[in-house]
Amino acid sequence: MIKYKAIINLVFIAVFFNNAMSQTVKKEKPNIIFILTDDQRFDAIGYAGNKFVNTPEMDKLAQQGTYFDHAIVTTPICAASRASLWTGLHERSHNFNFQTGNVREEYMNNAYPKLLKNNGYYTGFYGKYGVRYDNLESQFDEFESYDRNNRYKDKRGYYYKTINNDTVHLTRYTGQQAIDFIDKNATNTQPFMLSLSFSAPHAHDGAPEQYFWQTTTDALLQDTTLPGPDLADEKYFLAQPQAVRDGFNRLRWTWRYDDPEKYQHSLKGYYRMISGIDLEIKKIRDKLKEKGVDKNTVIIVMGDNGYFLGERQLAGKWLMYDNSIRVPLIVFDPRVNKHQDISEMVLNIDVTQTIADLAGVKAPESWQGKSLLPLVKQETSTISRDTILIEHLWDFENIPPSEGVRTEEWKYFRYVNDKTIEELYNIKKDPKEINNLIGKKKYQNVAKALREKLDELIAKNSDEFRAGPSDLTVELIRQPESEVKIFDLKPEFGWTVPLSSKYQSAYQLLVASSETIINANNGDVWDSGQVRSSQSTNVDFGGKPLKIGETYYWKVRIWDEENRLVDYSKAQKFTIGESDNYIISTENKFVTDKIKPSKFENRDGVYFIDFGKAAFATMEFNYQAKTPHTLTIRVGEMIDENGNVNRTPPAKSNIRYQELKVEVKPGQTRYRIPIQTDERNTRPNKAIPLPKGFPPLLPFRYAEIEGAQSSINANDVEQLAYHTFWDEKASSFKSDNNILNQVWDLSKYSIKATTFNGLYVDGDRERIPYEADAYLNQLSHYTTDREYAMARRTIEYFMKNPTWPTEWQQHVALLLYADYMYTGNTELVERYYEALKHKSLYELSNEDGLITSTKVDAEFMKKLGFPEGYKKPLTDIVDWPGANFNGSKTPGERDGFVFQPYNTVINSFFYENMKIMAQFAKILGKTDEVLDFELRAAKAKKAVNEQMFDKKRGIYVDGIGTDHASLHANMMPLAFGLVPQEHVDTVVEFVKSRGMACSVYGAQFLLDGLYNVGEADYALDLLASTSERSWYNMIRIGSTITLEAWDNKYKNNLDWNHAWGAVPANAIPRGLWGIKPKTAGFGIASIKPQMGKLKSSQITVPTVRGAIHATFTHNGPRSQTYEIEIPGNMVAEFSLDDIDGKDLIHNGQKVPAAFGAVQLSPGKHIIELKINSF
């Protein structure tokens, strides 16, 4: 019993304390009523001196409170202005208009009703909410959102709500909701915040009568003829830009004001509807007094935007004139009880800040207004604002967007879609804005200062969500501004969609003839207009063909996933050139890196220099000779056992070394070494010559200078390394395996270093493009940089310059397919489809669907692009080199492959070629050929598995007629998906038993095959191996660019600068991390990591749409974490092998295993793999 009484006492004390605290809170915090009207302009109130509108209650509030006679909305359109009021932000920030989706949650989380609701206020709303937002429950304790009913084209637009079964005008309905709200909540312990939004005096646009008022105001102005509008002469209309003359401002003028009868009806209706609101305000104030809360209830009255009442022969709002942006604003705080009129410019977004200040709630830092409470309480005479930003940014066909600034004396504005259309007014001397001073010499400095201020305020009030597209490309070329000539007269454009926009729903692309024109947002060469498309790569130029030799500028803007328009990108310059041969793919510029020594030593008068890495380069140095003499310069790729430049590289090898003489003399201080050209790699019509303007180049890392009579220091010497355009930051990789990290660095650098010659070449020995070399080079180039030009030009080169190996011809389809998948561009497919059909070798097939090179004749060689009289026949190669190559006693790189007329390697490539050709035929709309190539692929797969597979051993033999089984005969079917699932285990077991029994070229397909079937551990073992047949061996023997072979012993004429040895540069992103395009151009990315024994890894992979970033952490045997960031305008599918018995958790939510993959949208994702997480 005692316990029971104690509990009762505690409850009583708690209730009493809570009530006492609530009453204290209520006493400290006022009730707030914010009344918003629709289209009520600044002078449509009696207190402003208007004799025709009857607003006694508004006038009384103005007389008793603070009246702001220069209140301005930051944007003169109801939807955007209301969004500004809710969020406290300029339109430029919240970016909401009639055609967008919801206001961003990030902004609505800081909306003033939610802020007050979360800080002890009871919040209510009735009327026109005016913006799209689906969670009003989070803002209001009670609410009803409604507006004019646009289903009705008559008075029912305003008359469809009922009170006690009587249909009433919306103004009356809203007023009654306010009265009922006060009746229920005035005596509550919580203070209340009531937001009322009247639809009046907005016209009902769909109805011929336009304006509908209540009978209570019907008698007003009955016997009055209202005076006509100011600036009614047609010259004021004709002074408007064409877009305004053709737009909604003019159209709505014809609805309301274009004859005296319409004008009188509309203007009287407008005033009567305002008077109807005034009657409701009277009832509301009476109810406050009745409930005894009138002394502690602040009332704010404001219009959402201004309005044209026939001035300039216009109606509506939207423009930057004062008629459109100025509104009435009254703040009546009965606790102050001091009337004042304030002429300072104040904004709608100040009201948001003022409401928070009245409630004693700290305003979010993101809000952009200023509290007016210090002015209302007369604690200050100014809020210190000299210039305001005004804007109407909704890009709508019938209303031209504009932006400007206003001071007490000046107004400047311009039209967004043509910034050359500007207006400047001295509003102090010319308040009606009649005399446009723009272009007048006397006011040039004023206009310039205001333009700069506008740009400053635009930048200040733009946040991350305004960011425009970036990383612009023309013909897939980044930064084409200088040293690049675009060959396509109708080029394709591309850009990266900002991550803040997530997806693109539309774009507008401008091409202009000058920087001035593009900066004014004019596309005098081509304006795409708004194109409803998500395409952000390979966007075709749609104008007349561009002119050779001319320079152009372009930029683009997009609409995001919610149809919000963001800013234009920065403009990009490009120049049209002309190809000097049949190749149409634009060549990118070359870059020369000036590299200082990483080691510089004076060794008994011989200067030894280590530049850290080998490069295709020359060398320059500063030297001050006092007398003429000769310096001996040695450069090379190797050092000897004593750490000096190796003057005798291995016999037969193509490891480079040169000794050069440089004559020096007084008066000359800068010298370049005279590198000697090599006869073989400069053969006319065989080797690819260096680009025009290049000096002779040699791959070298080390140098020595002997014979110097004056001192030389490290800063005097530079290695000039030549390569194509390269972004080092485009890709990256790290893991907990140091060997793997070194292999990645070696491979990535190899791709950069070997791009010196304009096309992919096979190394310095020959400097000739080969199809297989190029394919491996391309894959690694595409996964290490967002650079496609060299690969595309090399593909075109092969169309007329084929090489002799059978499989190399089959690599051309692989090259084109990789380019298509990584870029999404079909230009080369369209141009070379017919020639590619020949290179796929489908004409060599037998009735079973297998091909043989023995069928090749001279006529077919011509089809492949070989010149008339070419002697060497098409020959199967499998791998390179063969046994006993070049006089050596080595087994070669073919694992003992036994050549047969019909062999497994050739037909594995053929199967892949047929699949690719079917896809290309589909792209080109060649339906019959799609079926033909699909059938050929199916027949080839069936025949290979029936005629080249040893069922007893469960492995593939080298060809029909032999029982020998090589690594190559088994890794190729694995790489191309030929192996039936029931035979994968035996094939994999055999492959693993052979080790790295293939060349650095074959390693591409070995790793592809292993990752295709989930052999992650073994693939990782190969990548991070330290054996003699490994990439680490290349590092160990001293090279910084990948070798042509695993070691000199396996190919005695090898060079130390062969990109086909850089397979890990693509195997790590494509295999270990499993990041590939699932659809062309990375519209959908596939991410299927196979980390094997790694404990941690992070990677950046470039794509045509932006970089994919990923991190892996092995937290322990029961938990792994992947963090993935997907760029804008891309989706990805993330999957893992063997997730049975494990939980996949995406951003905290468990993913049903049946889905098989996690769908990733643009942005950051955390994916956890947990074992038995229950």
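Along the chain as shown, the residues are counted starting at 1.
Just so you know, glycine gets a Cβ as well, placed from its N, Cα and C.
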One of His392, His1058, His1109, His1114 listed by Swiss-Prot as binding alpha-L-rhamnose at the site of Asp764, Arg765, Glu766: His1058
Neighbour tally for Asn305 (Ca(2+) binding site), based on other Cβ positions within 10 Å of its Cβ: 30
Rounded Cα separation (Å) that holds between Glu1044 (active site, proton acceptor) and Glu766 (active site, proton donor): 12
All-chain count of other Cβ atoms within 10 Å of Cys78 (Ca(2+) binding site): 24
For the Ca(2+) site built from Asp38, Asp39, Cys78, Asp304, Asn305, further residues of that chain with CB within 8 A of the site's CB center: Thr37, Gln40, Ile77, Ser81, Arg82, His202, Gly303, Tyr307, Lys317
Residue among the recorded positions Asp38, Asp39, Glu1044 whose Cβ has the most other Cβ atoms within 10 Å: Glu1044
Nearest recorded site to Glu766 (active site, proton donor) by CA-CA distance, among binding-site residues Asp38, Asp39, Cys78, Asn305: Cys78
For the recorded positions Asp304, Glu766, the one whose C-beta sees the most other C-beta atoms within 10 angstroms: Asp304
Collapsed DSSP category at Glu766 (active site, proton donor): coil
